[in-house]
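Over in Swiss-Prot, the protein carries these features:
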BINDING   His83, His182  heme b b562 binding site
BINDING   His97, His196  heme b b566 binding site
BINDING   His201  ubiquinone binding site
TRANSMEM  33-53  transmembrane segment
TRANSMEM  77-98  transmembrane segment
TRANSMEM  113-133  transmembrane segment
TRANSMEM  178-198  transmembrane segment
TRANSMEM  226-246  transmembrane segment
TRANSMEM  288-308  transmembrane segment
TRANSMEM  320-340  transmembrane segment
TRANSMEM  347-367  transmembrane segment
Amino acid sequence: MTNTRKTHPLIKIINHSFIDLPAPSNISTWWNFGSLLGLCLVIQIFTGLFLAMHYTSDTLTAFSSVTHICRDVNYGWLIRYMHANGASVFFICLFLHVGRGMYYGSYTYFETWNIGIILLFAVMATAFMGYVLPWGQMSFWGATVITNLLSAIPYIGTTLVEWIWGGFSVDKATLTRFFAFHFVLPFIIAALVMVHLLFLHETGSNNPSGLISDSDKIPFHPYYTIKDILGVLLLILILMTLVLFSPDLLGDPDNYTPANPLSTPPHIKPEWYFLFAYAILRSIPNKLGGVLALVLSILILMLFPLLHLSKQRSMMFRPLSQCMFWILVADLFTLTWIGGQPVEYPYIIIGQLASILYFAIILLILPTISLIENKLLKW
């Protein structure tokens, strides 16, 4: 009798995706982040669902309802801080996952790569709207500043902003719709994840060498299931350490003050995972230019397959490209730091230089170095 997992219509799909899936024998720990992102999404959906049971999306009661969750609901504080810090861990995994794709040339699977970038945009939008929900000072002013950027769009800008707000300022209508979108988007993300996996399994996984691995495949289970469990345990350890020892480490103290439209905080800044993009936005004095740079800072990832001029797929055997890649990583750390600093000398000029370097490395320096490496190898 044939094994049920190979014949049952539903179990067969799971089998081909997670059990009998042929995987390259040499994929490193950098390939663990896909499963970790799946875990993060599940954690966020479940903690978010339980938070939504107690949260009220009204300007008068939103802040109080979050306080109520933390004080009166059984383990409410745990659910709330797991959700807030879960977002941070989610973004750490996202950045590492994208960085891995850039380093090892995984972007040559361009359907998988482009859906991944759409996923990145969707997660960023979800996180932004989630940050508005507690209705603290930084929630309110963050929402005001970021939505206001759309007013830079010529002709339709102002109308568009008022349409998103549902009025003439960020108010009850804005909070209600942000809650609705924040609730529904993770399920859309989950559907997109399935499409992402569908396209990935059409081609199979890349591997550190960037070479075709068809001649040397091993089953996903037990080898990579065990490897993923190690990653899962480490992720849970990091998340729970953050939640139980310093839950407010990555948050903003201003968000413990209820939203007040009449009092602007001295430094409006988003959560840490948006700071690099925020620094790029602020480094351009023109409003429309800043908005374009902000969008392009992520959208530029879609150009990676077109900018790949090297004869080799991975950076594993390309030391010059490796060097530039790590300079890009250092540049992103610099931008993240600058995004959290006040707009004054010397931070302004450092931010501008770091922003120029970011686009220069991706659009100019990396492709040029790829051509130089081809020449050095007489290809």
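Keep in mind that glycine also has a Cβ here, set from the backbone N, Cα and C atoms.
A map of Swiss-Prot features onto the structure.
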residue : record                   : Cβ within 10 Å
His83   : heme b b562 binding site : 21
His97   : heme b b566 binding site : 20
His182  : heme b b562 binding site : 21
His196  : heme b b566 binding site : 21
His201  : ubiquinone binding site  : 14
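Within its own chain, the transmembrane segment (288-308) has Cβ neighbours under 8 Å at 98, 102, 105, 107-108, 110, 113-114, 117, 120-121, 124, 149-150, 152-154, 276-278, 280-282, 355, 358-359, 362-363, 366-367, 370, counting only residues six or more beyond its boundaries. His201 (ubiquinone binding site) and His83 (heme b b562 binding site) are 30 Å apart (CA-CA, integer value). Rounded to the nearest whole angstrom, the C-alpha distance between His182 (heme b b562 binding site) and His201 (ubiquinone binding site) is 29. By the Cβ criterion (distance under 8 Å, sequence gap of 6 or more), the transmembrane segment (320-340) is counted as touching the transmembrane segment (347-367), at least 3 such pairs being found. Distance between Cα atoms for His97 (heme b b566 binding site) and His201 (ubiquinone binding site): 17 Å, as a whole number. The highest tally of CB pairs under 8 A with the transmembrane segment (178-198), across 33-53, 77-98, 113-133, 226-246, is held by 113-133. Nonlocal intrachain contacts for the transmembrane segment (113-133), taken as residues 6+ away from its ends with a CB within less than 8 angstroms of a stretch CB, comprise 48, 55, 57, 62, 66, 87, 90-91, 94, 97-98, 101, 106-107, 139-140, 142-143, 146, 170, 174-175, 178-179, 181-182, 185-186, 188-189, 192-193, 195-196, 199, 270-271, 273-274, 298-299, 301-302, 304-305.
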